[in-house]
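In what follows, a single structure is set out as structure tokens and then discussed.
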Amino acid sequence: MKILVINCGSSSLKYQLLDMDTQTPIAKGLVERIGLPGAVLTHRPADGEKEIITAEIPNHTIAIQLVLDALVNPEYGVVKSLEEIGSVGHRVVHGGEKFASSVLITDEVMQAIEECIELAPLHNPPNIAGIEACQKLMPGVPQVAVFDTAFHQTMPPHAYLYGLPYEFYEKYKIRKYGFHGTSHKYVSQRAAKLLNRPAEGLKLISCHLGNGSSITAIKDGKSIETSMGFTPLEGLMMGTRSGDLDPAIVSFIQQKENLSSDEVNDFLNKKCGVLGLSGVSSDFRDIEQARDQGNYRAALALDVFSHDVKKYIGSYAAVLNGADAIIFTAGLGENSAEMREAVVDGLQYLGAKLDLEKNKVRGKEADISAPEATCRVLVIPTNEELMIALDTLDIIQKG
């Protein structure tokens, strides 16, 4: 079976068409600047040259129509007809408490996703637009929703509740939801295979480190604690997000800078993190380069970030009562040997120790632990598209 995976942002759309017999992509691509001037589709067949298609793309329906046209194009397409596509898997950012797993999309499911809009006002509307476009353009093809939050629905109440009046949870559903769930789920399954152990009995700490970063404690294949919270702003300091703060700082900044609540929220999401601390960039590669050129603030930002990661690993080791493995994934986790070394240095008490030669790996699955390490350190490139496709296939096969 071939499965199309769709990930819609407000003005962008990423897609992959996967052959589930081999679990590999046949084509992938990106539509940029939806609803804006200069819209473009970059289409990459797995065994061909990339095609760049410019067009007026006023909305997600037109964007998906262009993607489908590209997939069947006689010149650079990869399937003879759309009938070869057995199902579509959609990334949906927020499923609230309603969804603890991926689901076949029905009218009731769509209504529930719409009810989660206030929890993810920037993300769920374009996710919905993508689903509606596919329903219109591919009638009769099963559509599946895969939620970023679903994997974390196994967290116990003592992990997901905040120190607020319980009525606020009942009235407004204020609680920790967690994100990057599809990524954490994928790498935890790969880790079990790499370690040649069943998920049951395994204690894993998964570090998804990139422009957005989160850490998850995984026990018996299930998430029991995670660093992102009610929104993706909580937890680690990130590319442009502040991460954990004393809540009183928010009103203090509002008063000092004369900001509205929307403005301060925008500030904490887009102008803080390593960008704010370094004054250089939100891209860790740029910051590492600036640090190497003697930039004090760049060095400071990297130190704060690695300290943050180490602190969360320590607290999750406490929650798990030890750890069998620490996983590094996503852009920074997969590619920065320096960051991995800075994080693992000082975790000897956990039994974690790097082999510095093996740690030079970039973007490939590897066990980078020293032979004597009792807590393994793994690099596992994430593959959210494959995880979405596997979940979609599972649901279609179950009928």
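Cβ atoms here come from the backbone N, Cα and C positions, even for glycine.
According to Swiss-Prot, the protein has these features:
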type	residues	note
BINDING	ASN7, GLU384	Mg(2+) binding site
BINDING	LYS14, HIS208, LEU209, GLY210, ASN211, GLY212, ASP283, PHE284, ARG285, GLY331, LEU332, GLY333, GLU334, ASN335	ATP binding site
BINDING	ARG91	substrate binding site
ACT_SITE	ASP148	active site, proton donor/acceptor
SITE	HIS180	site 'Transition state stabilizer'
SITE	ARG241	site 'Transition state stabilizer'
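Known features from Swiss-Prot, placed on the structure.
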residue: ASN7; record: Mg(2+) binding site; Cβ within 10 Å: 22
residue: LYS14; record: ATP binding site; Cβ within 10 Å: 18
residue: ARG91; record: substrate binding site; Cβ within 10 Å: 22
residue: ASP148; record: active site, proton donor/acceptor; Cβ within 10 Å: 25
residue: HIS180; record: site 'Transition state stabilizer'; Cβ within 10 Å: 28
residue: ARG241; record: site 'Transition state stabilizer'; Cβ within 10 Å: 26
residue: ASP283; record: ATP binding site; Cβ within 10 Å: 15
residue: ARG285; record: ATP binding site; Cβ within 10 Å: 12
residue: LEU332; record: ATP binding site; Cβ within 10 Å: 24
residue: GLU334; record: ATP binding site; Cβ within 10 Å: 22
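In the three-state DSSP scheme, LYS14 (ATP binding site) is classed as strand. Across the structure, ASN211 (ATP binding site) and ASN7 (Mg(2+) binding site) place their CA atoms 17 angstrom apart. Around the Cβ of GLU384 (Mg(2+) binding site), the same chain contributes ASN7, ARG91, THR182, SER183, TYR186, each under 8 angstroms and 6 or more positions distant in sequence. Over all protein chains present, the Cβ of ASN211 (ATP binding site) has 17 other Cβ atoms lying within 10 Å. Packing around LEU209 (ATP binding site) is summarised by its Cβ count: 26 other Cβ atoms lie within 10 angstroms of its Cβ, all protein chains included. Considering only the recorded positions ASP148, HIS180, ARG241, the residue whose Cα is spatially closest to the Cα of ASP283 (ATP binding site) is ARG241. Among the recorded positions HIS180, ARG241, LEU332, the ones whose Cα sits within 10 Å of the Cα of the residue listed as 'active site, proton donor/acceptor' are HIS180. Between the CA atoms of ARG285 (ATP binding site) and ARG241 (site 'Transition state stabilizer') there is a gap of 17 Å.
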